[in-house]
Amino acid sequence: MKVFWTKIPARVGEEHPDLSDDPEYSQRLQYLGDKQQNCTIRLSHVTQKDEHKYYFRFITDKTVKWLGHPGVTLIVTDLQVESPERVTEGDSVRLTCKSSCALTDGATFIWYRNSQPLTERRDRNNQLLLQSVRREDAGRYSCALQGHTYISPAVQLSVTYPPNSGSVSISPSGEIVEGDSVTLSCSSDSNPPAEISWFKGGTFVGSGRIYSISKISSDHSGEYKCKSRNEHGEKFSAAVTLNVMYPPRNVSVSINGSGEIVEGDSVTLICSSDSNPPALNFSWFKEDQSSAVGSGQSFSALQSGRFYCEAHNQHGSQRSDSVTVTVKDPPNSVSVSIGPSGEIVEGDSVTLSCSSDSNPPAEISWFKGGTTVGSGRIYSISKISSDHSGEYKCKSRNKHGEKYSAAVTLNITYPPRNVSVYINGSGEIVEGDSVTLICSSDSNPPALNFSWFKEDQSSAVGSGQSFSALQSGRFYCEAHNQHGSQRSDSVTVTVKVPPKGAFVVVSTSGEIVEGDSVTLSCSSDSNPPAEISWFKGGMFVGSGRIYSISNISSDHSGEYKCKSRNKHGEKYSDAVTLNVMYPPKSVSVSISPSGEIVEGDSVTLSCSSDSNPPAEISWFKGRTFVGSGKIYSISKISSDHSGEYKCKSINEHGEKYSAAVTLNVMYPPRSVAVSIIHYCQFWEGGSVTLMCSSDSNPPALNFSWFKENQSSAVGSGQSFSALQSGRFYCEAHNQHGSQRSGVVTVIVKGPVVLYAAVTIAAGCGVLFLFCIVIFVRRKESGVSDIRQKQVEQPSGSDRNNCDDGLYARVSPKRPITDQTAGETAESTDSEMIKYATVQHVRNNESNYENLRVHHPDSAARSGAMVGKSVIYSTVKWSRTRQID
């Protein structure tokens, strides 16, 4: 069942509207009952518009509908406020609360402004007096009776006043960049609302509360203010400043002084621009160069050209126009360009342009070969012809000098012309023979395609530059290249009876050797008798039936034929070949690779020879035969291959040697050895001189000296003075490598006092030891006593300073080698010194004159290692001097 209140009787066929669904009632209507037993409603905020007749309505589920008649009538008594709509600030105004109800004499009125009670205005008087009205008094006023909840409808009291508190706001806030859209808003407190005018400086620029600038520019920069105005007055806002940022513009270059300078001087260029903020970064460019040539607001130009600058700030950059700097100098960089480029065909128009860098501008002259053909920067040829082909160049000249360009070549291409037929011989030929017609033409590129035609025949009868005519007729040719074609005039060929059966007979059968005499005979069957011409290859060499060659040489080798000719035609014989034999000549040797040859390289020697028949080749090193064949190869060459080589070229007619060539094989040091060449003093405080020798190519120039158990070198140079005891060795170096020597031992002793008895006993002991050593040396047949180097004897002054020098001469001695094991027989890990010979001499004799160091053989020398024993092959004993 549906229960509701309604106020409008329904039309026929329509349902009564529910007040709950009416927007004017839905917020003010409240059911106080349960809509079953009690359907009472409350209508709030009743106004005079609510005076109506209201009906109660219910509808059952069985479509029973009931409407309560005659309904309930609602009569509304109203309170109303009477007031002027508008009052000016400072005036007085009186508001009156009127009611259509009968009021008692004691009724008290309550006044409201903007729905808030004015407590101080509770009065039995129904009037509200506002003296000296303020703008704060404006609002919606209503009144009510105390003790009643109803409040009268509010009326608006508007207080008018002049503008004040005018201000301008900028949107967006922050930095303003040229191109942005900017809005200025003017706020003002006034009633009635003020009319707004906008001013930039003192100039009116617009009206309305909003002043918009789209795509702002630097011209909009300045101070802006708005003016608020109504009928009561006007007021200006405080000024706001628009500072529009923009990238550089109006960029220009000024020249400090003149733009013309003499070569070697400079001119200062200054870059200026208009930008906000001011540009601080400047770049300088020269036209036709992609990268900058300078920076900073000023730039010093040293050469001619067109220069411009670029000014930059954070909002962008702009380049200036170019300014010209002119350096006065003679012409240079003179060149010629051809237009158009590519192939030039006869009839084209061609332009030669001369470019030259000079100041002042140069006068241009044109030359073809050495002939003047024109002047000016441009030399034009219209309808060019083959006569214009050739080399062209221009001369650039001013008061400072002149210069020629490199020559350029004009190669004019054109179709065939002046086409003609040349008859190779006579137009009269003998029956069965042919005559050769040759087509010639003038064209560029040369014609390569030729077609032959016979008059009265539509199709070609042949092709190629030459054509053999076998029958009578009138013939012509057509010459073609990619630019066109042309035909020749016709020539007449007449067939006659020509010479027949021409052949050549060689007088000497068999082999022809250089120096022989040879006769060639030409036989021909012809009538009248033919004239005979001789040809070698295509070259005429003689005439007559007999062609004789006396003292023939290899230059006469070749093909020979004779030509038999009479007035009816001509005929060539078959070619015969003269093959002249001769002995070798022009024999020479070449080495590959050229340049320096290093041990281990592969080297090839090549022998070239001119001979007939081809010669056999033999190779010699010095006078020793080493190989045969045109090529003599040496792989992994060694120093043993160094020497002079030559080849011998031989055939059955003779032989010849080449000039000798030298193989100089480079190799690193080897057989490095140390010689002890000088002892200054054997006792403490003296020194011994060691000398380093080696075998190398080129000779070693760098030597390093080492002492065993020390990692770094102790000396350099080929000789070294040892001041202390130890085992020493050297290293020899050249650009191809290095090798170290065996080790020698130097012993330095302190001062010794010996008595005569000791001296005698020592002498006897030495003699005894000497005898033993002699016996041992005879037994050791494998030990050779080779002295490799004799050490320099000390001078007289040295002998005076070195009274007690011991072992004054030491030279290496080769030990016995074990041929089977390949090692030194006496090699051990321990140190061992052997005195092979001891000789007792007096004080005035040289001390230890023959002391030699024992060296291993060459194989052992190349791999000498530290730790090998040192053998003193010869020791001379000197009498010991007693020290007081």
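Cβ coordinates are placed from backbone N, Cα and C, and glycine is handled just like the others.
Bear in mind that the values here come from a model prediction, so they are computed numbers and not experimental data.
Listed features, source TrEMBL:
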| type | residues | note |
| --- | --- | --- |
| DOMAIN | 70-160 | domain 'Ig-like' |
| DOMAIN | 163-241 | domain 'Ig-like' |
| DOMAIN | 248-326 | domain 'Ig-like' |
| DOMAIN | 331-409 | domain 'Ig-like' |
| DOMAIN | 416-494 | domain 'Ig-like' |
| DOMAIN | 499-579 | domain 'Ig-like' |
| DOMAIN | 584-662 | domain 'Ig-like' |
| DOMAIN | 669-745 | domain 'Ig-like' |
| TRANSMEM | 752-776 | transmembrane segment |
| REGION | 785-804 | region 'Disordered' |
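With pairs at least 6 apart in sequence, the domain 'Ig-like' (584-662) and the domain 'Ig-like' (416-494) have fewer than 3 Cβ pairs within the 8 Å limit; the two do not touch. Across 248-326, 331-409, 584-662, the stretch most heavily in contact with the domain 'Ig-like' (669-745), judged by Cβ pairs under 8 Å, is 584-662. Look at the domain 'Ig-like' (584-662): DSSP puts its residues at 3 helix, 51 strand, 25 coil. Per-residue pLDDT, averaged across the domain 'Ig-like' (331-409), gives 91. DSSP labels the residues of the domain 'Ig-like' (163-241) in these numbers: 3 helix, 51 strand, 25 coil.
Residue counts for the domain 'Ig-like' (669-745) under DSSP (helix as H, G, I; strand as E, B; rest coil) come to 0 helix, 49 strand, 28 coil.
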